[in-house]
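Undergrad: Please read through the structure below; I'll follow up with questions.
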There are 2 protein chains.
Amino acid sequence: MTTLQDCRALDAQDPLAPLRAHFSLPEGVIYLDGNSLGVLPRATAARVADVVTREWGQDLIKSWNSAGWVSMPQRLGNQLAPLIGAGTNEVVCTDSTSINLYKVLSAALSIAREDSPARRRVVSERSNFPTDLYIAEGLCKERGLELVLVEPEDIGAALTDDVAVLMLTHVNYRTGAMHDMAAITAAAHAAGILCVWDLAHSAGAVPVDLRGADADFSIGCGYKYLNGGPGAPAFVWVNPRHANRFWQPLSGWFGHAAPFQFTPDYQPAAGITRYLCGTQPMISLSALQCGLDVFDAAQPLGGMAALRTKSLALSDLFIRLVEERCDGFGLGLATPRAHAQRGSQVCLTRDEGAGIDGQGSGAYAIVQALIARNVIGDFRKGDGGTGRHKDILRFGFTPLYVGFEDVWNAVEHLRQVLAGAEWQRPEFNQQHAVT
Amino acid sequence: MTTLQDCRALDAQDPLAPLRAHFSLPEGVIYLDGNSLGVLPRATAARVADVVTREWGQDLIKSWNSAGWVSMPQRLGNQLAPLIGAGTNEVVCTDSTSINLYKVLSAALSIAREDSPARRRVVSERSNFPTDLYIAEGLCKERGLELVLVEPEDIGAALTDDVAVLMLTHVNYRTGAMHDMAAITAAAHAAGILCVWDLAHSAGAVPVDLRGADADFSIGCGYKYLNGGPGAPAFVWVNPRHANRFWQPLSGWFGHAAPFQFTPDYQPAAGITRYLCGTQPMISLSALQCGLDVFDAAQPLGGMAALRTKSLALSDLFIRLVEERCDGFGLGLATPRAHAQRGSQVCLTRDEGAGIDGQGSGAYAIVQALIARNVIGDFRKGDGGTGRHKDILRFGFTPLYVGFEDVWNAVEHLRQVLAGAEWQRPEFNQQHAVT
């Protein structure tokens, strides 16, 4: 049996432990929701204040040049690139994940179908994050194409010669299951299909090698593991072999070859800059930069490889402790045990009918009871027993700021919530809008 | 002749003078570039700091509910609505102007062409702000339609029965000329054409009555006269008669009827909410809110009507002083004298060949020399004498924080720059990227 002392010993030996000091964590909170909204880096408040009061307030319009505002999306893109296996000048930080997906999926479809007009399908995973599916649905409708949704085990069989683009999220938001990006991309390419990868739950969480996997297009989120703040700008990567072939449809002036020439006709900038659209948000981008700076600080401590080692150690520990200490309460494991198939979160299930008076799973109430104890995870609803998706208790393990004793304490709170039937209190069973 | 004392008397009588205290203006700067980047409201730094350190840093994911993050775009939209003659729940603040234009132009084209598929043209003004033209060009190319660009005097004749959408910017960014929104919209509607209005240089600058003009779609900018900060979120308005008819193509989860149900298929929210796409940027939206708050403070002082009166008085004064005191230096007036045709900026021209050794107009160097004297306007390049567009010296007059003595001082600096040939110094004649 694992003990609290074992966990403390792991913290004492953790070479990444100093990184926690880069964050401003609320006192007494065990935050296991960095997969939804990352925490505040300690440097962000001062940086944002400087952008607001000096760059904007004092220097005003001059800051487009003097503070380097005009190239912020590219500079942050270059800072982010090593985390996702991208090269220099291949990434820009801009807009939202959904908007960036629209850009790359548009471009991918244009390229794939120029070569092979008979390819009329986009394949994705049925449990992909919904906004990805909504964007794909809209684009397919607009272009008279078909969106085909499959279960993960059926992806291989779905790669037929009428498919233009395979669009997947690398790590599943509900289960934490991670795809083999290189193998799937290779299979897709062998079938003449382009691959779009959403790295929302990967960038900053697991090592990603877009170049190594020879991926085609990729987008991802700035406010989860990159700690860029609520609604932070997202990012876009395009394989250089595609970058100059098409321009994405959101052809605004920041993607123009010479935006300050104010010419009436659009000439796309070379490379990834054409994936910018309108004027870029400087306060938000500056906050995101502080999130990326922490990864620079992690570099001498081993970088993404060391972060991955710790992340797996944390999630392994969580799984082990739940199984050792919360047995008999109807919990199951939705996240794969195999390291190669696991992102940086662990998702527990609870059986339908395990809730109060046999209603529902009780998973929502358990998460609420944990939140009341300052253990922050989140709940994702299942399909109510009608299909393969159970209700989910979701816990993200961000190795930048989560320690091994945190994991012990989280499981101990979970045990107490379950053993004392605390989750059955009425206040934890009133559902309202949650993210 | 107008005197400095006259200007001081105007300031002393100005009922809006107290509004200047709502802004944090750099010491000694006369800022006439609020049409490019508005200045920093005094409340913004503290509000942004609170969002960063408390709402994000302390309350983390809970703030989506507890701080009302989830409804920020709609709340700010309702706060903005009175400035543009929109009703409640008809506006959202989100994304960039360019992206919002893509949304509304897409929807407008879908609606117009569903009713009349033979309408295959989008008409706009050749000197519309380029990003608007780039977005329209991209959409037309994507849908096999034609973008027709005309001079302002030819708009009426261009409203033929093959036109689907007329897309105009209300106040021209180069000249400050303002269209008659009601008359043009009526003419377009009489020809069966839908109208999209860009309010980038109107919202917060001149009274706008979208409902009164019976406009169809509108978008605008948050970082100019609304003082939302560099790259602030923009806004979208859709006439309620169109809002539920189509969904715009950027169909992300924040525009879904039930985003937190995580259903795989897209069901657009009712009304304007469907014009949202991805996760919204809370730090930027909070900064924009502080800009909008100043307009709330202006309400008891007479609101937009009083601001308009002062704006016209400021720009009238500027024109008069330039003509009285800077005669003989080759300056001309690009902005209409008629109040009904003028926005909140005055644009001066300078003849081609008036620059050093007869090269260019010298307008760029004059603007640089003014900036060195802390009089901030900006330069917009003409067509080099090949067509109708001369080089422009652009001066925005934001009645919230610009006073009449500021106008006197700005013109006096301009006179000195011209009279002393200060603008001919080499350092003012080296061009680099400017916004």
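Even glycines carry a Cβ here, placed using N, Cα and C.
Keep in mind that TrEMBL annotations are predicted by a computer and have not been checked by a curator.
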Undergrad: Write down the one residue from B:Trp56, B:Trp247, B:Trp253 that TrEMBL lists together with B:Thr97, B:Ser98, B:Phe129, B:Pro130, B:Thr131, B:Asp132, B:Thr169, B:Asp198, B:His201, B:Tyr223, B:Thr279 as binding pyridoxal 5'-phosphate.
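TA: Record source TrEMBL; matching candidate: B:Trp253.
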Undergrad: Is there any among the recorded positions B:Thr97, B:Thr169, B:His201, B:Lys224 whose Cβ is under 8 Å from chain A, and which ones, in sequence order?
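TA: Of B:Thr97, B:Thr169, B:His201, B:Lys224, the entries that lie near chain A are B:Thr97.
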Undergrad: When you measure from the Cβ of B:Lys224 (N6-(pyridoxal phosphate)lysine), how many other Cβ atoms are you left with inside 10 Å?
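TA: By my count, 28.
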Undergrad: Could you check what DSSP calls B:Thr169 (pyridoxal 5'-phosphate binding site) once collapsed to helix, strand or coil?
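TA: The three-state answer is strand.
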Undergrad: Looking only at B:Thr97, B:Thr131, B:Thr169, which of these binding-site residues has the biggest number of Cβ atoms within 10 Å around its Cβ?
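TA: Result for the most crowded candidate: B:Thr97.
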Undergrad: For B:His201 (pyridoxal 5'-phosphate binding site), which residues in the same chain are close in space, meaning a Cβ under 8 Å from its Cβ, but six or more apart along the sequence?
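TA: Same-chain residues close to B:His201 (pyridoxal 5'-phosphate binding site) (Cβ under 8 Å, separated by 6 or more) are B:Asn35, B:Thr169, B:His170, B:Val171, B:Asn172, B:Tyr173, B:Gly176, B:Cys221, B:Lys224, B:Tyr225, B:Gly343, B:Ser344, B:Gln345.
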